[in-house]
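Enquirer: Dropping the structure in here first, questions after.
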Amino acid sequence: MAKPLSISSQPSVNVAWRDYFEMTKPKVVALMLLTVLVGMCLAMPTILPVQPLIAGLLGIAMMAGSAAALNHLIDRRIDGLMARTYNRPLPKGRISATRALIFAAALGSLGFVILYVFTNPLTAWLTFASLIGYALIYTAYLKRATPQNIVIGGLAGAMPPLLGWTAVTNQFHGHALLLVIIIFLWTPPHFWALAIHRRAEYAKVDIPMLPVTHGVEFTKTCILLYTILLAIACLLPVLVGMSGPLYFVCSSALSCGFIYKAWQLKYQDHEGLAMQVFRFSIYHLMLLFMALLLDHYLWA
């Protein structure tokens, strides 16, 4: 009897593991860790110290995963009503709310200890503040309270480059804040494009996203304006001497592409274009930070 029991229980173990992993939003965390790594590299003119590098990436990743799991927990009711999220572990009942809370608390606590002990207290507390900003202030309150939810709450999501910088230097620097500004301005057009595509679902669950409260055309205008502001912000690393020609060329090309996509969305919209803008924004941020990294090592 033992052997059949072992075989039949194996799929549930695999499913549980995958469900917990899904709650950490691994794709989002991976992009975030890229910006953390770039922040680390730009902070150091030489080779990165091994301990802050490994402990910093691991601790920040764990606390980011904890914040994502708390997001799943808090949003479980509305997730069950939206086509994009109804199959998540909590709405489907594959993981209970209690277990999700324990998982998030354990993951976040361990990440905090790793950062505090093996990196530095400054990075640990800044990462904790980001977790609170995203999981509680944004998810639990702002998301349901104001159409400017993503603008205000976006500050928490813009912190990773600063976290990477402080992880290896244990201090603030103006250059790190420039990277925060870039992600802060990138966040609204990124999420508003998705909100346009999913506006009916957001309206159904009473989430006051900008397309729901102010209309699609107003949101398209805001996306276009933010992409222009973002393009200006992307030039700041060059203007302050932080980055060189390679980054300037790459960032200019990416900014032109993003503005063009936003202009198309405003004046030549067609079915599926909002999601194209959303996807382009992801590649924009990823390639922009890769350009920062390459430029740093090629032109330093």
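Yeah, the Cβs are placed from backbone N, Cα and C, and that goes for glycine too.
Below, the features straight out of Swiss-Prot:
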TRANSMEM  28-48  transmembrane segment
TRANSMEM  50-70  transmembrane segment
TRANSMEM  100-120  transmembrane segment
TRANSMEM  122-142  transmembrane segment
TRANSMEM  149-169  transmembrane segment
TRANSMEM  176-196  transmembrane segment
TRANSMEM  222-242  transmembrane segment
TRANSMEM  243-263  transmembrane segment
TRANSMEM  280-300  transmembrane segment
Enquirer: Could you give the residue numbers and ranges of same-chain residues that sit at least 6 residues beyond the transmembrane segment (222-242) on either side and whose C-beta is under 8 angstroms from one of its C-beta atoms?
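Expert: Same-chain contacts beyond the flanks: 42, 174-175, 178-179, 181-182, 185-186, 188-189, 192-193, 210, 248, 251-252, 254-256, 258-259, 261-263, 265-266, 277, 288, 292.
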Enquirer: Which listed range (100-120, 149-169, 176-196) shows the maximal number of Cβ pairs under 8 Å with respect to the transmembrane segment (28-48)?
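Expert: Per the Cβ count, the answer is 149-169.
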Enquirer: Which listed range (100-120, 122-142, 149-169, 280-300) shows the maximal number of Cβ pairs under 8 Å with respect to the transmembrane segment (243-263)?
Expert: 280-300
Enquirer: Could you pull out which residues elsewhere in the chain have a CB under 8 Å from any CB of the transmembrane segment (280-300), counting only those six or more residues past its ends?
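Expert: Distal contacts: 31, 34-35, 37-38, 41-42, 45, 161, 179, 182-183, 186, 189-190, 193, 234, 237, 243-247, 250-251, 254, 257-258, 261.
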